[in-house]
Structure formats: C-alpha cells, structure tokens
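If you check TrEMBL, you get these features:
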- 1-15: compositional bias 'Basic and acidic residues' (COMPBIAS)
- 22-142: domain 'C2' (DOMAIN)
- 181-305: domain 'C2' (DOMAIN)
- 346-472: domain 'C2' (DOMAIN)
- 1-22: region 'Disordered' (REGION)
- 572-589: transmembrane segment (TRANSMEM)
- 617-634: transmembrane segment (TRANSMEM)
- 716-746: transmembrane segment (TRANSMEM)
Amino acid sequence: MQRPPPEDFSLKETNPHLGGGKITGDKLTSTYDLVEQMQYLYVRVVKAKDLPGKDVTGSCDPYVEVKLGNYKGTTPHFEKKSNPEWNRVFAFSKERIQSSVLEVTVKDKDLVKDDFIGRVLFDMNEIPKRVPPDSPLAPQWYRLEDRHAVKVKGELMLAVWMGTQADEAFPEAWHSDAAAVSGADGLANMRSKVYLSPKLWYLRVNIIEAQDLQLTDKGRYPEVFVKAILGNQALRTRISQSRSINPMWNEDLMFVASEPFDEPLILSVEDRIAPNKEEVLGRCAIPLQYVDRRLDHKPVNTRWFNLEKHVIIEGEKKKDIKFASRIHMRICLEGGYHVLDESTHYSSDLRPTAKQLWKNSIGVLEVGILNARELVPMKTKDGRGTTDAYCVAKYGQKWVRTRTIIDSFNPKWNEQYTWEVFDPCTVITIGVFDNCHLHGGDKGGGAKDSRIGKVRIRLSTLETDRVYTHSYPLLVLHPNGVKKMGEIHLAVRFTCSSLLNMMHMYSQPLLPKMHYIHPLTVSQLDSLRHQATQIVSMRLSRAEPPLRKEVVEFMLDVGSHMWSMRRSKANFFRIMGVLSGLIAVGKWFDQICNWKNPITTVLIHILFIILVMYPELILPTIFLYLFLIGVWYYRWRPRHPPHMDTRLSHADSAHPDELDEEFDTFPTSRPTDIIRMRYDRLRSIAGRIQTVVGDLATQGERLQSLLSWRDPRATALFVIFCLIAAIVLYVTPFQVVALLTGFYVLRHPRFRHKLPAVPLNFFRRLPARTDCML
C-alpha cells in the first residue's frame, strides 16, 4: 500500500465567510455567527377548513403538496376530514431554487388518481424576509383557487417567508434535499436533534448481616452469600465466614443507576449447597425512589429489610408469610461522585451527580459545524458510491446531531450549537457518520451507521474569545492501515465569563471530593464505566431519531483500553520523547566537561563559583531561568487546536500483522483453545502495562506543557509564579527557605489535608498529548 503524503493528515486554517460577515467589534450580530448563512424558503402548512367532498360518498381525504420547481414535499393525508390540521414546515434551499412561483396545492387522496381540490400561488419576489430574533411570522387564511385562478370552496392556513438556518422552524422542517428519502421513519432519521444523557448515580449497597435464615438441611454449615441485581448488572458478595444462620459480610457493592428509577434493586440471599447449585433462602426488592441520597462522606442510617421466600404450591409462586428472616444493610445513592461514562483522558464533564454541589459555569463553548470535504463513498446505491453524512457532537450531558445531508461527498451543514462550560480542562468530541437508515436499510435490523472519523478539542488549549476556523482531517484506522476519510470544517469559540473564576479552577481538584475521600478501585471504575456507557447508549438509542449504539460507543471511546501493539509502541515512544530532554541536558553537560566549547565552559565555571560562594542565589537563578524560557517560548506558542496525529499514534507505520492483531476479536478468533487462552491473557496484561506507560508519558508531557503555552492560562500562571518566587527567594535568606521547606514536608499528619495540594491540582489540569492520540 502506497503511503499518502504526510501533509494529507495535517490541520488547515481557513477563512470562511461567517455569519453573513456582519462584524461589529469582536462579536457578530447574528445568533448564528459561527457558520455561513444559508437562505431558505420556509412554508408552514397549518390547517384547512371547509374543504369540498370529492368522492362518491361526499367526503374527502385531504393532503397538501408544496411544489417549487423540481422539488415537491407532501403532508400526510387524513381520512374523511374536511377540516384537517397538519402543522408541517417545508424548507427549500435558496441556492437550489429554479422557479419564480411557489405552488401549494390541496389534493384528495384516491386509489387511482388524486383529485385536485384547489391551490394557492405565491410570487417568489413578494415573499417577506424574517431574521431572528424577529417574532415568527403569523400564518394567514388563503382562499383556494382552481387552475384558472377562480376562487373555489375551502381555505388553507399558511405562512411563507425567507429565512436562514437560525430560524426556529429549521430543525423540524422537511428539507428539499431529502426528496429522495421515503417514509416517515426515513425523514425522522435525518433530522437534527439535541439529546441529553440520562442522569446517572452510583448506588452503594453495604451488606452487613442477615438474621434467622431458614435452611432446608440443618445438619450442615451453610455457605451463604448475597446476590444483588439492578437491571442487567449483577454482583455478589463473598461467602460469609461465620457459617451460621446469622451470617455477616460487611461488604460494599457498587452499581450505576439512571433516572427515572424504573427498576428496583433485587437482593437474594443464597446458600451454596453443591459446587454449581444454589438454594435461594430469601429475596427482597427495594425501589430506588425511596433510597437515601448522600452528598458527602457521612454514613447514612442502616436499615433492616424483611426477606420473602417464595414457596411453590401446585406450580404457582406464593409468598410464605411465616418467613421471618431479615437482612441488615446500608443503601444510598451517591450524589458526591462524578459518574464516569467517558474515557478519563477525554472527559467533557467532571461535575458530581447532585446538582446542589455544582459550581457556577465559567463560560460558554460555541461550535459551528460548517461542512465536510472530500468524503469517501461509504456505501453503494444504484451501482454508484454514495455517502449520507451527519455529525454528532458531545460535551457534558448534551449531545447534538446535525441533519443528514443526502448523497453528498461535500455536505454543508452550517449548524451552530452552544454548551455551558464548568471546567476548562475538558474535551469536546465531534464525530462524523454515514446514515444507513434512510432507504429502508434497517429492515433486517442489521444496518449500522458507519464511522467516518472524529475530532477532539480540549478547551484549555483554546484562547478565550477567539474564533478558530480549521479544517480537521477525519482519520480512521482500518485493518489495512490508517485512512483519511475526508476533512471536517469547524468554527469554535470559547468565551469566558470570569477570568478570575477560570484561573481559580486550576487550583481545584479535578474530580469531586468524594473521589479522593472514598476512592473507588481501578477494577470498580472499569466495570462501572462499562455499565454507564451501556445505560447511556441504550437510552439514546430509544430516542427519536435514535442515536444508535455504535455511534454512542465510538463517541465514548468504548474499547480504547484493549491491548494493541501499535498503541503500546506509541506510548513507549511518547515516554522516550519526554526523556529525550533529560538526555539532551546530559549530553550538553558532557560537552561542557569535555571543553567542546571553551567559552561556554568558562562561563559555567564562573556561574558555578558564584553559586557556591552565594548559595542563596541558586533557587532565584533557577526560577528566573524558567521564567525567561517561558517568555522565550511564547513566540512559538501553538496557534491552533491539537488534532489527530498519525505519526504520534504510529498509525502510518504499523505492521500489517500488528493491525491484524489489533482488529482481531476479543477473545481471539484463532482456532486452538490453548493459543486463545494464552493470547487473551497476554493482551489483558499488556493492556494494563500500556495504560501505565501512557500515564507516565502523560505526567512527563504535563511537565513539558508548563512552559509550552499549550494551555495559555496555565503557562501564564506558572510564569507569573516563577517571577514572584524568584523575587521572594531573592529577598529571603536561603537558610530560612530551606528550614520552612523541610518543616512543611515533615509536618504532622494533623496538619495534612485529605484533598490533593494546590500544586498537584494545577499539575493534573495541564494538557498532555493524549488529546492527539488516534
């Protein structure tokens, strides 16, 4: 396979004509100021009255046909109704209009040939313009005319106006470019839509003990455990060591629950009577609506729950009333944690579940999804390649989906969306997909929307109030190598409401307090994240139009933790890239020792003598040096957001065998059972190593980004701190600094705080190159 030129994968800066070009100061006047304005002719068909009967029976089955040149849209018809209400909006793109007359015709649905009832004609030059925030145009009654412009019986209520995509009617409108789509399902599948992720909670079930269990075989020591089920999540405690009818566990089980709480928590106490045989000793169902919600680390009250035993009498389940066993538990919904449903490297939201704990927003993120270019054909229709592309953007709990542009390799969406920002160190993800559900493609139920590519943008790498207009490459890794699927053109602006609030965010812990006071284990977080992504994808796939499972999983990076030789190699070289700086310093020092450059060596000798004679100058000199480096690097600060980097990801140089392994199923599809077992074990261990290596690389890259201006605010804070530190250390005796530092490091645990220190919080918020990893 011939490798494409490297510049093919680069980011390109553009100068689109945004918002109609009306610029006043820094802000654009239009509400849709980050996208190119597109003109549309809107026709709102509201209702009709007094329609004449056309059938033999004297009734009519009316529908409306809106026709403009070659484009024709129709409303659904009503059976035997002379006063129908449709309330449908039609949108015709101005650049495709080829006619000077708009024709709105009312027809009667018939088996053989639909009867003409009457029509209303509009001259295109007479149609009024409407610009939001003008109030919507009020519909009017129009008398129907026959083909000879003679008034006939019946009236039609309409509103017709010229507007842009900023119009409220735009998302629900039937678009002229969807003329080829058949059926209501197909049309619903191509509309733009805003979705909200379900509100997720962690449910903590602390199972303490049970009392008075009734065993069938009283002559043996029971092996009792508790099984807890919530939806499709099932967990169990270990077998109680007390081996009696009053067993004790004191074990925590964690679940992910989503509002509304439709499913109860079902607990069953079971006795293992044989290796693969359990007997249920009692059950109880707990509705989550009545469970305590806690916002901090204070324990909630424990409660006793009665266990019910079902006895089968003649094939029917009946409750045994005499059963008096009880189970002692502490159950609560945790509002103080952030429920992770995304990869921690690309989190778009870090707020706790409980709204009471949310801090004020620090700004607004606006994204204009302009267009895509040179998309590759994703499927074949009528013997030729075609692509029906739409975009999905996810930030925080809000997902947006643009409308689908039919059969175009250069689709223009020009849609703008806004999100509230609560933390600058978050990432917005924008994915492009091919819609496979427009032409009855999902009759078999197996059609999936294909992924074209995605882009991630970390907000902290953007300067505030600047509009970034770039064309991002859409890259996807295939079994035969990395492939560019096209480019997506975005306009992004991050506006900050208070610079002071945002700078303060850098000193705060990244996650809510509960994550540090009562941390969850790595394996718990893994399984809980898996459950959270399943719940989110299930809920969004039930919306209308659905945001399908494959789309949600691609956006949430499901499966990114799986072993891959390519990713491990990329993470290893990231670490080497970080260490190369230290190696370079070592080589430089070696050159000084070897008098390669005598002038430099003499200067270093002089500096060394000064620092030895005046040790109090050591720290101010280091901080001053760091300050000067930071100021020097400001000239070369990055001017555009990070993008997917094929070289960094080792995607362009991966061996075919490595790619075959990466795209192999898990468990492997290799034939021999033993190979399968060993191979899977190797991959799971190597996957952990890969994560650790990646985390190490992340720490090193964060260190580098202190002075790189990748996050302009963080570097500004650090550079100012260096200057202040240099001045303070200059006027403070070195011995005092050394004593204070030593006493602080060795301070008593009573004076230590459970939350991470401010420097650590600041460091954890610094960007790393994880954002550029493919």
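Count begins at 1; order follows the chain as displayed.
Heads up, the Cβ atoms here are built off N, Cα and C, so glycines get one too.
Confidence for the domain 'C2' (346-472), expressed as mean pLDDT, is 89.
When DSSP labels each residue, the domain 'C2' (181-305) comes out as 9 helix, 64 strand, 52 coil, counted as helix, strand and coil in that order. Within the chain, the transmembrane segment (716-746) has long-range Cβ neighbours (under 8 A, six or more residues past its boundaries) at 503, 506, 615-616, 618-620, 623-624, 626-627, 630-631, 706-707, 762. Counted with DSSP, the domain 'C2' (346-472) comes out as 7 helix, 62 strand, 58 coil. Look at the domain 'C2' (22-142): DSSP puts its residues at 6 helix, 56 strand, 59 coil.
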